[in-house]
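J.: Per TrEMBL, signal peptide is recorded for 1-19. According to TrEMBL, the feature domain 'Sugar phosphate transporter' maps to 85-379. The transmembrane segment feature in TrEMBL is assigned to 112-135, 156-179, 199-218, 225-246, 266-290, 302-321, 362-381.
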Amino acid sequence: MSIMKKFALLALFATSASAFAFTPRASSTSATTSNKLGGFVPPPASKGLAGATSQSTSLALSTSGGASAAAAPAESGSSLKESLEVGSYFALWYLFNIGYNIYNKQALNALAFPWTIATIQMATGILYFAPLWLLGLRKAPKLSLAELRTLVPIALCHTGVHVGAVIALGAGAVSFAHIVKASEPVVTCGCNALLLGEILPMKVYATLLPIIGGVAIASMKELSFTMLALASAMLSNVSSSLRGVLSKKTMSGKKIGENLDAQNLYAVLTAMSTVMLIPMMLAIEGTGFLPAFRAAVKGGSFTNKSLSTLLLLGGATYYLYNEVAFLALGKVNPVTHAVGNTIKRVVIIVASVVAFKTPMSTGSIIGSSIAILGTLLYSLAMNSVKK
């Protein structure tokens, strides 16, 4: 508990110190962001406009990041309130993200069943949005079988994003998984060029060089390097990029179902991914999780309640950091989004090193710094291209 309090202070310090530098926006009809860890951050959708809603739900799955901020003058009297609100959202985003990585790694250290843990985490999200639908607090989406079939390939990629990240976190250090995840822009550019024929300006491709070089340096010098961690993190990257490509090809400009705003789209994909993961989990890991759970409790490190709570906290923080990120990134401009994502990655790496006392070599620190800087430059370059 004391460790989590330290992380809370760390995240609050990082966000409150920069809260007044954030540039809130008055409104926006669409926003596209990527959480870069293994899920997407849904943007706000324009209610009542079928075309805008459809566009926003498809863009929510894109991995390009950023959004065009609406050029509307803000009231001077509300600017302080906006800044404090955005700072609070960023603090919660970081806290939930840090919490997820720590709870996830602790669970994986206790139970070496990444597919089962990934399934539990995905299914936990249903406990959040299903009551909202049943109680009428959020309008439930309505989809035909044909529309559900349209979402199947995207849900499969969504599953790969999460499973790849969980396996990577279990196979190596949390810091190393995030370093490799920083190379996602490289995969995204490749997939967009091969599958969509999208050729970007040279300045965008130039920003990929420090990402590639930084990840390579960090991988060579990483003390906890394993091929499984590297391959799984890259699986998450590829799945995330393919998810963005598929969303553009199958959903752009189309109206999918009713009440399918970005938050409900994320919920639907969570439910579909859970259904997909259950047979995969049973095929790969069987039912060995239950004996392992009992053995961990018998070993004295956990009780039934504490270990169950740990697993549920991992799932809850996974879903909640995506929800809070939606609120945070829906209120800031693209540059702030890029900076916020960069700070988030640094905070998570530092927090994981402190929590698990994972040593990082000088080469790994240098390589990760170069790679993370490269992702920031990539986001800024992409945003300038979109303008």
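Using N, Cα and C of the backbone, Cβ positions are placed for all residues, glycine too.
Given the structure is predicted, the values throughout are model-derived calculations rather than measurements.
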J.: Would you kindly list the residues that approach the transmembrane segment (225-246) from elsewhere in its chain, counting only those six or more residues past its ends and only Cβ-Cβ distances under 8 Å?
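T.: Same-chain contacts beyond the ends: 34, 38, 40, 61-64, 153-154, 157-165, 167-168, 171-173, 176-177, 180-181, 183-184, 187-188, 190-192, 195-196, 219.
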J.: Check the transmembrane segment (302-321) against each of 112-135, 199-218, 266-290, 362-381 and return whichever range has the most CB pairs under 8 Å.
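T.: Answer is 112-135, with the largest number of Cβ pairs below 8 Å.
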J.: Okay, the transmembrane segment (199-218) and the transmembrane segment (112-135): do they have at least three CB pairs under 8 Å, pairs separated by 6 or more?
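T.: Checked: the transmembrane segment (112-135) vs the transmembrane segment (199-218), no contact.
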J.: To the transmembrane segment (362-381), which of 156-179, 199-218, 266-290 is linked by the most Cβ pairs under 8 Å?
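T.: Looking at each of 156-179, 199-218, 266-290 in turn, the most contacts to the transmembrane segment (362-381) are made by 199-218.
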J.: Same chain only, please: residues at least 6 beyond the ends of the transmembrane segment (156-179) with a C-beta under 8 Å from a C-beta of the stretch. Say none if there are none.
T.: 37-40, 101-102, 104-105, 108, 112, 114-115, 117-118, 121-122, 214-215, 218-219, 222-226, 228-230, 232-240, 242-243, 246, 269-270, 272-273, 276-277, 280, 318, 345, 348-349, 352-353, 356, 358, 360, 364, 367-368, 371-372
J.: Are there residues at least six beyond either end of the transmembrane segment (199-218) with Cβ under 8 Å to its Cβ atoms? List them, or say none.
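T.: For the transmembrane segment (199-218), the nonlocal Cβ contacts are 176, 179-180, 182-183, 185-186, 189, 192-193, 363-364, 366-375, 377-378, 381-382, 384-385.
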